């Protein structure tokens, strides 16, 4: 085995990264953040916004919402990952306990499998549609082409990832630059052909009577969308040497780039309502095969880039299970992460996409409260100091063992956050309760989760004394 | 296990840990993701509907 393979295998285990292994600079971090953020689903989100807000307000609200969501998500995910070289699931052990953190593991695996399936289904559908619109494929072959392109996408991701994260560092920025350039081309074609005045004059498709409610719904969409990047960002920023150095690349890569592509979807949906935000068909109609190739290039690069990072995060989360880490190689873990995606793609693509809204809601409702619990724990209880050895210890006497391996405060906090969210907003039907238009749902859910966690840590006997930093612990009699 | 022990021993030394989120970092994060979006939201409220 070459030394490079050796180093890659070590980096891809469950082990924390040492400073010498955290080799990503700002460009790699920006590139992978942007590559993760931009995919066809950005267009679909843009399509949703067009129902509620016009171009100007919609662009502002989604950008602001995304940035606000990044504040919550980055405060929770980045510092522990950058400081100790750990990924997202491992970083939940202090809050949920050694065994309780399996809750976060299952959540991440479900959410990542779901996202990766969504992306490959989008990839298959969009690529097939583009080729059919360009008359390269007959309509009769649509179904087979959709599955075929999805499987091809999975295969490409497996080939790219099988050797470890070096691929991400090298390919992420290339994909990001290509996708940003193609996005700019798509935006220019769209604006040139439809006209900026027409786009900005277009009315939203089905707004609620309350202007404030429409505005808050789009802001919430941005916040929830950004918070959903929690597993991705934890997995990526562990390669960065400094917390401060991670901030700008992630904000630019995730926040700014993603908002720009969502805005393209918003503009496309307002200009051509039947597009649902996806400008592909429109581009081919106005520009023929040349523009079709641009659209197809965007679809392939954007979706494969995001799926690649999604599968990487999923495989890394799997390796946090000691028995899997011992028995399964990195290549095996990558393959296992792709299998459920293939199963959904081939057998359940239709029913899965019919419940896409419910899946999005599940991700949004659960991850905000987890961020709240992590923020309260990391800053207000542990003062940015973790017992790094205890993070990797399965012993009953370890700092993060608590009661039978579970920290009840974490679950109390998460449950309080989820309940708060559901009290304020029904995320499946977007039915809001009074007050939502002033505070959204994810922000109060995050605060409620963090506050409940902190209170539970103070009130449940034995938790505070074993968790607070040495200087704050009460003297033992 | 030796590999894990070695790494944990190394990471227990502060010089091998990454920097915590310091005041400057927090203000950078808050400026970009709290103050800027709050200002944007205010602009959006007065933006012609």
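Every residue gets a Cβ built from N, Cα and C, even glycine.
For reference, TrEMBL has these:
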TRANSMEM  A:27-53  transmembrane segment
TRANSMEM  A:59-82  transmembrane segment
TRANSMEM  A:103-123  transmembrane segment
TRANSMEM  A:143-161  transmembrane segment
TRANSMEM  A:173-195  transmembrane segment
TRANSMEM  A:215-235  transmembrane segment
TRANSMEM  A:247-270  transmembrane segment
TRANSMEM  A:290-318  transmembrane segment
TRANSMEM  A:330-353  transmembrane segment
TRANSMEM  A:359-380  transmembrane segment
TRANSMEM  A:400-424  transmembrane segment
TRANSMEM  A:436-456  transmembrane segment
Given a Cβ distance threshold of under 8 angstroms, which distant residues of the chain, six or more beyond its ends, lie next to the transmembrane segment (A:247-270)?
26-27, 29-38, 42-47, 49-50, 54-55, 58-59, 62-63, 66-67, 70, 74, 78, 176, 179-180, 183, 186-187, 190-191, 194, 199, 202, 204-205, 222, 225-226, 229, 233, 236-237, 276-279, 282, 302
Recorded stretches the transmembrane segment (A:143-161) and the transmembrane segment (A:330-353) touching, at least 3 CB pairs under 8 Å:
yes
Interface check, the transmembrane segment (A:103-123) with the transmembrane segment (A:436-456), three or more C-beta pairs under 8 A:
no
Cβ contacts the transmembrane segment (A:215-235)/the transmembrane segment (A:59-82), at least three under 8 Å, sequence gap 6 or more
yes
Checking A:290-318, A:330-353, A:400-424, A:436-456 against the transmembrane segment (A:359-380) for Cβ pairs under 8 Å, the most are found for A:436-456
May I ask for the residues of the chain that lie six or more residues beyond the transmembrane segment (A:173-195) and have a Cβ under 8 Å from a Cβ within it?
27-28, 30-35, 38, 253, 257, 260-261, 264, 267-268, 271-272, 279, 282-283, 286-287, 291, 294-295, 297-298, 301-302, 304-305
Maximum Cβ pairs under 8 Å to the transmembrane segment (A:290-318) among A:27-53, A:330-353, A:400-424, A:436-456 is reached by A:27-53
Surrounding residues of the transmembrane segment (A:27-53) on its own chain - C-beta under 8 Å, 6+ positions past either end
61-62, 118-119, 122-123, 126, 168-169, 171-177, 179-180, 183, 204-208, 214-215, 217-218, 221, 225, 229, 232-233, 236-237, 239-240, 246, 249-250, 252-254, 257-258, 261-270, 273, 275-279, 299, 302-303, 305-310
